[in-house]
Amino acid sequence: MDSDVDIAPPRERGHGDRASPRSPEGAGGLPAAARVTSHALIAGLPVVLLGVVAVVLGPQITAALGNRAVAAWRTVFTAIVIQGVPFLLLGTVVSAAISTFVPAWVFTRVLPRNPALAVPVAGVAGAVLPGCECASVPVADSLMRRGVAPAAALAFLLSAPAINPIVLVATYVAFPGNPQMVAARLIASLLTSVVMGWLWIRLGREEWLRLPKGPTRHTPGASRAEEFRVSLQHDFLHAGGFLVVGAAAAATFNVAVPHSVLRLFSDSPWLSLPMLGLLAVILAVCSEADAFVAASLTGFSPTARLAFMVVGPMVDLKLIALQSGTFGRAFALRFSSATWVVAVLSSALVGWWLL
Amino acid sequence: MKRNIQVLLLLFLGVGLLHISLLTDLYLRYVRPGLRPALIASGVLLIVLGAVSAARDGFPFNRPRTHHGHDHGDGHGHAGGPKVAWLLYVPALTILFLAPPALGSYTASRDDATAPKAPSSGDSLFPALQDTGVVPMSLNDFSARAVWDTSRTLKGHTVRLTGFVTPGRHGTWYVSRLVISCCAADAQVRKVRVHGAAAPPADAWVTVTGTWHPTGKIGTDDASPALDATMVTRVPAPKDPYNDMVVTRPGRPGR
């Protein structure tokens, strides 16, 4: 309610000051016209103000931003946000649809009752959500709200960005003549997500998971479409804010750390594995593109590159930011570090077996 | 975040996305061309969402939603959007008013060129170049041949490369490109050292005509791509700075 109090009084006063000398009686048409004008004024004001600021201060701001490192940072930051927004929007549309249009019994019917069995099923089901990791966080969140066991939803969260067809085709294209890499990526990613699901059943605590209180779903009296809109808007703005945080962190590392530093470690097979795992975390490349980046990391062993592709969609700076926004920081830090370890180990295992 | 501010944010972001993807080609500075339909669709969806919210909420004022049961007692408050969403104003206004430039020589000079991959089988992947005239080549193709092509198909040809200027150490310079696979965060460097011409200013786009300058032992990591320039011409910056492909006439292999 406080927001209404904040906004409304200035409007009333503005009306009184300006409109009353001319029409003290408030003739029928005038208040409406004044109301429309003031609506337009208030709506247009921020745009005009920002435009003026941009035009007047533009050169100065551009000069301050002319520093080449700052310019590179802004470009990388903008790039990460821009490429994340469509996928985030896709994810929030799917998650809003799940929470408004799909009845809860669908999930209890489809998934095995036993969480230990539901985990692998959910992991494999990750293959159906095309998109990169930004999309999977809101979807996993809405699955949990709909009564899916957290362990199963988490397995889905991890596997969806890593094993969907688009990503696997991209991997196939990036490593021509090397289909083992696609198989290894699929197996290692599935393995990691299932192991993490089981680990959650075994060690996870409900209190780490903080599901945010969005606008209450299923409001009596509100139409389904209205509910969908409110939940879409809330989820998108919420996750979008955290995407910005993650993009800023990733851009900082991207610009501050020259990638050539990592080449120092390319000689040691045991160090190169965790090093590329770390690189995947700080680069925050989207999962549809990371195969191309991995392919360009010549000089590293295939297993280390596999680790880069397995860790990337599951743990990176923008994902950690998104997860802490959705599930809470206590969860995000624990879950991400455990996932990182499991992902590196399972890529080592699968790489040793297949590559 | 108040509801009217949320509406404004959705509209700014939607208009910003349409501004960079539909009305201008600014999006090519940040993401790959294939993302354009997704960006346009997102922009339209955000504007529609913002418009519907504006109509429902009586923009620009926060009309109390008396018809909704959950207005009171919810900790968030009916108008309370997530505070963190304020941060979205930064990219939204950035792309509208202060679109940052494409990555350039700063990024290219900080990273070693990632040599294109060695072809896996023989030299068949390097078809002979056309015999007559100047051969326009991508930096990618030129570097791959200069480093890995043991049959030396570059020898005796005059080639033309296009890219931006990256200054090197001690007055050397490179004609360079950044190649992205998804967005500017994954840019990889391609650069060819230019001999025999004075360096134009950094970040200027140039076309360099010249002949191959063999450096190091071909077929090993030791080799590096270089060119003896006969002519350097300033050209306007291309629309898609990350696209290293050279338009070829149909029927002729090459990139």
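Here the Cβ of each residue, glycine as well, is placed from N, Cα and C on the backbone.
Features as listed in TrEMBL:
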type	residues	note
REGION	A:1-30	region 'Disordered'
COMPBIAS	A:9-20	compositional bias 'Basic and acidic residues'
TRANSMEM	A:40-65	transmembrane segment
TRANSMEM	A:77-107	transmembrane segment
TRANSMEM	A:151-175	transmembrane segment
TRANSMEM	A:182-201	transmembrane segment
TRANSMEM	A:236-257	transmembrane segment
TRANSMEM	A:331-354	transmembrane segment
Same-chain residues at least 6 beyond the ends of the transmembrane segment (A:182-201) with CB under 8 Å of its CB atoms are 115-116, 119-120, 122-124, 126, 150-152, 154-159, 162-163, 168, 171-172, 175, 291, 306, 309-310, 313-314, 335, 338-339, 342-343, 346-347, 349-351, 354-355
Report yes or no: does the transmembrane segment (A:77-107) come within contact of the transmembrane segment (A:236-257), defined as 3 or more CB pairs under 8 Å with a sequence separation of 6 or more? yes
With Cβ-Cβ distances below 8 Å as the criterion, list the same-chain residues six or more beyond the ends of the transmembrane segment (A:331-354) that contact it, or say none. 154, 158, 180, 183-184, 187-188, 191-192, 195-196, 199, 208-210, 273-274, 277, 281, 301-303, 306-307, 310-311, 314-315, 319-320, 323-324
